[in-house]
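Taken from TrEMBL, the feature domain 'Cyclic nucleotide-binding' applies to A:25-82. Annotation source TrEMBL lists domain 'HTH crp-type' at A:143-217.
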Protein chains: 2
Amino acid sequence: MYVTFSMEQQPFSYTPFFKVPRKILTNAPNIRRFPSSANLFREGDKAEHVYEVKSGVLRLARVLANGRRQVIAFGLPGDIVGFPNGDFYHTDCDVVSSAEVIAHRLSELESAKGDFETQHRLMQAALREISSMQDHVMMLACKSAMEKVASFLCVLSLRTGTPSSNYTDFSLPMCRADIADFLGLTIETVCRMFSLLRKEGTIALNTPQTVVVLDMEALIDASQSD
Amino acid sequence: MYVTFSMEQQPFSYTPFFKVPRKILTNAPNIRRFPSSANLFREGDKAEHVYEVKSGVLRLARVLANGRRQVIAFGLPGDIVGFPNGDFYHTDCDVVSSAEVIAHRLSELESAKGDFETQHRLMQAALREISSMQDHVMMLACKSAMEKVASFLCVLSLRTGTPSSNYTDFSLPMCRADIADFLGLTIETVCRMFSLLRKEGTIALNTPQTVVVLDMEALIDASQSD
DNA sequence: CGCGAAATTGAATAAATTCAAAGCAGGTGG
DNA sequence: CCACCTGCTTTGAATTTATTCAATTTCGCG
């Protein structure tokens, strides 16, 4: 599924800050289960696998020495995480909401020289990842706090929401701090934007982790021009 | 050459927002020359080539409908630009300072199925690009205006500067607007940071496009904690 | 019910932007 | 050769935006 991140913008859609679900490998799956808060790998670990998310949500993050943290991406079902830099991972990867992943050994991928199909799929996944990171850059640098939060809700809604006739609802498995660190904002600012959207009747929160999109059009508008 | 983007941070260095010079292809080069302001491709164009920068400077940018522009990266010698998303480029690519590039046909790369070495190098380049984009995300979201500008100067100095005994000087081929759009700042803010660094004696500007780093240590400090 | 963690709200502050104006350099034509 | 124009850069003052600090509320859970 493709989502127009800034809908009015281009004659063609492009992937937003989440990657496009697609399988990269067809061979024997090595499915692993991780509970909430589990760690898949840390920055600096030797990269052994790339992971394909089947269910649940992962969080890719990096921490600077001064304590500031940046959430690079959330890994939703269909996403591939764990692209190495050289031989090492360059982010931490933790479980936000208990997840099933398929672990693909990098050594196998590298040695699968006869398997052009696999090579090609992995390359396509890497290219999507580049695109996804560029979209994230666009958002961080070009959007206001409200636009960031609205964009975030838009994408989550489209990727994980269950649409009903008049509304779409979905859960926010990550805490406000994770959202803030993903969007380059503070917790308080994220909260304020949620509150504004609620007051405008664009969304409702059943619990702090359960969003109901009451007016998708308004949400899309808010994601583009405040 | 590896550069520690936030030097104190990790037990290992990682690539900053510029990619690491390395050759991806050994076969027959198709060298092209482009003058300043020339356009290599635009967002939405069908992707035909990836380009390896041999000399000069390229600018990768994307424009939102509201006119806001984001410079995604500068392509310096050694960098590879033009990674497609699907069949299309997802940024504009223009020449900042007249450049020589090697154009590699994507179709050749894809069909070069026997050439594992080439496949592998292209994948490594894509992985470095992912890493580079993540570094850019870190900078945009976690750094202050001064830290951004100082980081930018640090990297340019290390990648393109000519070191003397007491100082390093280098040229800034891109205009202030390009720097501002790269760092997610305004032109005025970039100028002010330059002025501050000058007043502190950290740098000097012979012309607005010629930087002399007088105190590299101070510049590194400024890139990390203001 | 009550505790601790997370989320929300409010007021003061800090940071960067916006708007406005002035300086500077390169190029053109008188 | 100089004056002038244009585009880029720099500086200043006012404004806006998001942050920080502080207090309060709500939620999840035993």
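Backbone N, Cα and C atoms are what each Cβ position is placed from, and that goes for glycine too.
TrEMBL does not curate its annotations; it predicts them automatically.
Helix, strand and coil content of the domain 'HTH crp-type' (A:143-217), in residues and according to DSSP, is 39 helix, 15 strand, 21 coil. With DSSP classes pooled into helix, strand and coil, the tally for the domain 'Cyclic nucleotide-binding' (A:25-82) is 0 helix, 32 strand, 26 coil.
In the predicted structure, the domain 'HTH crp-type' (A:143-217) carries a mean pLDDT of 97.
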